[in-house]
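Peer 1: The structure under discussion is supplied below as structure tokens; questions concerning it will follow.
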Amino acid sequence: IKLKYISLAILVVQNASLILSIRYVRTLPGDRFFTTSAVVMAEVLKVLTCETHTCAVHSERNLKEFIVLQYNSIVIQYKDTLKLAVPALIYTLQNNLQYVAISNLPAATFQVTYQLKILTTALFSVLMLRKSLSRIQWLSLLLLFAGVAIVQLEQEGKQKETTVTGPSQNYAKGLVAVIVSCLSSGFAGVYFEKILKGSSASVWMRNIQLGIFGTLLGLLGMWWNDGLAIAEKGFLFGYTPMVWGVIFNQAFGGLLVAVVVKYADNILKGFATSFSIIVSTVVSVYLFGFHVDLLFTLGAGLVIGAVYMYSLPKAAAPSPSTATLSSSSHSLADGAGDSETEAFLPKSVLVK
């Protein structure tokens, strides 16, 4: 029981802190860091972490064995490695879009709207993996969509208010970014799971392969979008201790969640996601001057209830054809898929 409550606290803090911290560093006056460089730096840290873990496991036996394993898994089996290029491209796009969205949307609005990734993941799971959803899950998806729509209608009428958008912020741009991010999150997560189920490679090795592509594609995106500015000002321009905190949160947050989810049941994870929305809203009121009215409360309440409903277990045990879907972060934690679709958690330890 104690471990469950600790897991709940970690999940809530990780879910809320990343969004709030990104919003905070992107609204501070002064020199702004390049978000494309932050995405690349996070990917590099993730790869190094996965490499360190894999090396520690194999160093007990033979360091040469570790090197041979890396070479065989990445170079010799290059066709298998290339399969990760697609989700890596989508994840890189998603990570960059999250910065765009949070920079242009209030943290609470982003947190509520980003729960649409549950809807997109569920739909892609049904289409690509032939998963089945219970009636209560379909109902929760409808409530989720309705709640997000209400929040957007409420925010639409407040775009001109200084408490919602500043002169340098574009609400429409942020909204498009978060919607595309949700779509990419759903597709990439299901695609990545499909690859995991069709391969004997460990999740750690898969994330190393994913991180290598993510780093290369991130560098390409950085050169394309900010190449000239970074050449002039430097890769680490605008980096402050707070920015480093955001990057470390991005890099290790997913890994931390993957470790603790084995101690939390699915209902607890749903509760953690719902509670993190409340935390983000409350903190946004005090930190960013966010105004909460009745319409936002209604929409956010529907989303919170929908997330919790979606996490409830099915009434009847599923058949083999309707086997439950686990996120890759859960697979990393215990190597088994025995929970409902965990769309509200990172689909890969390389994503937030």
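Glycine is treated like the rest: Cβ placed from N, Cα and C.
Features from TrEMBL:
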type	residues	note
TRANSMEM	6-25	transmembrane segment
TRANSMEM	136-153	transmembrane segment
TRANSMEM	173-192	transmembrane segment
TRANSMEM	204-224	transmembrane segment
TRANSMEM	236-261	transmembrane segment
TRANSMEM	268-288	transmembrane segment
TRANSMEM	294-312	transmembrane segment
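Could you place these features in context, so I can see how deep they sit and what lies close by?
Peer 2: With a threshold of 8 Å between CB atoms, the same-chain residues lying at least 6 positions outside the transmembrane segment (6-25) that come near it are 33, 98-99, 102-103, 106-107, 110-111, 114, 240, 242-243, 245-246, 249-250, 253, 256-257, 260-261, 263-264, 268-269, 271-273, 275-276, 279-280, 283-284, 287-288, 352.
Away from its own ends, the transmembrane segment (136-153) comes close to residues 109, 112-113, 115-116, 118-119, 122, 175, 295-296, 298-307, 309-310, 312, 340-341 of its chain (Cβ-Cβ under 8 Å, at least six residues beyond either end).
Beyond the transmembrane segment (204-224), the same-chain residues lying 6 or more positions past its ends with a Cβ under 8 Å from any Cβ of the stretch are 34, 36-37, 39-40, 43-44, 46-47, 50-51, 53-54, 69-70, 73-74, 81, 84-85, 87-89, 91-93, 95-96, 192, 195-196, 230, 328, 332, 348-350.
Sequence-remote contacts of a segment are chain residues at least 6 beyond its ends whose Cβ falls under 8 Å from one of its Cβ atoms, and for the transmembrane segment (268-288) they are 4, 7-8, 11-12, 15-16, 19-20, 23-24, 27, 106-108, 111-112, 115, 163, 261, 300, 303-305, 307-308, 310-312, 342, 344-345.
Counting only same-chain residues 6+ beyond the ends of the transmembrane segment (294-312), those with a CB under 8 A from a CB of the stretch are 108, 112, 115, 118, 122, 136-137, 139-141, 143-144, 146-151, 153-155, 266-267, 269-271, 273-274, 277-278, 281, 340-341, 343-344.
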